[in-house]
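To keep things clear, I will list the structure first and then write my remarks on it.
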């Protein structure tokens with residue numbers, strides 16, 4: 001019997017990773033309230049995950065450059081399974097924190113999956129392939145919370161156990177079917193300095209080939225993470241929307257982003273190129289933030305989120321493709337791992353900044369401010385492309 005396509009396994013891994021994480025969304029407050037009921041505790045559980053992921057992801061990326069993608073990817077998936085089971089079985093709060101730290105420390109699935117795809121995909125097709133990762137990401141984001149809500153009728157811990165069993169099954173599938181994508185002759189030695197995640201980020205920041213791309217990628221993710229953290233609160237306060245309306249709006253966003261990254265991006269890249277699509281995508285996200293701040297009623301929200309989802313769907317795979325195509329094959333793990341670590345850092349900083357602005361400066365400030373900062377991301381990316389002499393005219 002033929003083995004499943006390695007790309008199919010990688011996409012399934014990304015889907016399960018995101019679906020498993022989003023399975024926790026509807027149950028996390030209720031699981032935590034057995035020990036503490038304050039919002040700060042829930043926030044800290046999210047923060048320790050992001051901090052652990054920020055520290056671990058570039059290290060895992062460099063290890064995958066040295067030892068291959070297969071062992072790192074399988075180890076990450078197995079570690080994720082262990083974290084879910086430990087979280088479900090936790091009899092006290094500190095074990096929950098340990099479980100989330102383990103989940104973050106083995107959270108190199110996305111970065112390693114990107115490096116795997118870069119290994120097996122020619123440069124001119126990488127953005128389309130990264131778009132498939134985005135589609136798997138979007139499907140997980142759509143189906144995870146829905147499945148979690150359905151499993152709540154069985155038991156409060158059922159969604160967490162389900163996430164653990166999905167990750168464990170994926171570990172077994174990968175062990176028996178996944179081929180290595182990085183042959184020994186294409187691997188590189190890894191120095192101890194590369195196992196220092198902060199040092200890795202400094203080296204990335206000093207790399208003039210990709211510094212502006214990474215600055216734009218970080219800014220985009222920080223602003224978007226801040227937006228998603230306060231969006232439901234904002235439309236509740238401004239327009240009186242309840243949780244059911246909010247859930248369907250998020251599903252709508254996920255569907256559009258999935259369609260764009262899973263199908264439309266493959267038709268657009270050959271015609272317009274990654275550089276132009278990245279700039280357009282970032283500009284559309286900035287426009288969407290401004291529209292959210294400007295609309296007079298909730299009737300306009302679906303239009304604003306269609307613009308947002310289109311922008312995110314164009315910008316995310318295009319930026320990843322530009323970053324990947326700017327470095328050598330034997331640096332894919334280090335650079336893509338470092339870029340994913342920046343995403344983790346953005347997911348710590350963005351929500352904190354947005355919530356402070358919302359509480360102390362005004363309810364519309366995060367959206368107007370986010371639009372302006374997103375335009376700065378456009379500038380970072382365009383300046384980098386100019387240095388590479390590949391900056392397109394956005395209007396041709």
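Backbone N, Cα and C define each Cβ position, glycine as well.
Just so you know, TrEMBL annotations never went through curation; they're auto-generated.
TrEMBL annotations:
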type     : residues : note
DOMAIN   : 6-389    : domain 'Major facilitator superfamily (MFS) profile'
TRANSMEM : 7-28     : transmembrane segment
TRANSMEM : 40-60    : transmembrane segment
TRANSMEM : 72-91    : transmembrane segment
TRANSMEM : 97-117   : transmembrane segment
TRANSMEM : 129-152  : transmembrane segment
TRANSMEM : 158-178  : transmembrane segment
TRANSMEM : 213-233  : transmembrane segment
TRANSMEM : 245-265  : transmembrane segment
TRANSMEM : 277-295  : transmembrane segment
TRANSMEM : 301-322  : transmembrane segment
TRANSMEM : 342-361  : transmembrane segment
TRANSMEM : 367-385  : transmembrane segment
Highest-contact recorded stretch vs the transmembrane segment (7-28), from 40-60, 72-91, 213-233, 342-361, CB pairs under 8 Å
72-91
Two-stretch contact, the transmembrane segment (129-152) and the transmembrane segment (245-265), at least three Cβ pairs under 8 Å:
yes
Segment proximity, the transmembrane segment (245-265) to the transmembrane segment (97-117), 3 or more C-beta pairs under 8 Å
no
May I ask which of the stretches 40-60, 72-91, 277-295, 342-361 has the most CB pairs under 8 A with the transmembrane segment (213-233)?
342-361
Long-range CB partners for the transmembrane segment (158-178) (under 8 A, at least six residues beyond its ends), listed in sequence order, are 3-4, 6, 9, 12-13, 16-17, 19-21, 23-24, 26-27, 31, 70, 73-74, 77-78, 80-82, 84-85, 87-88, 147-148, 151-152
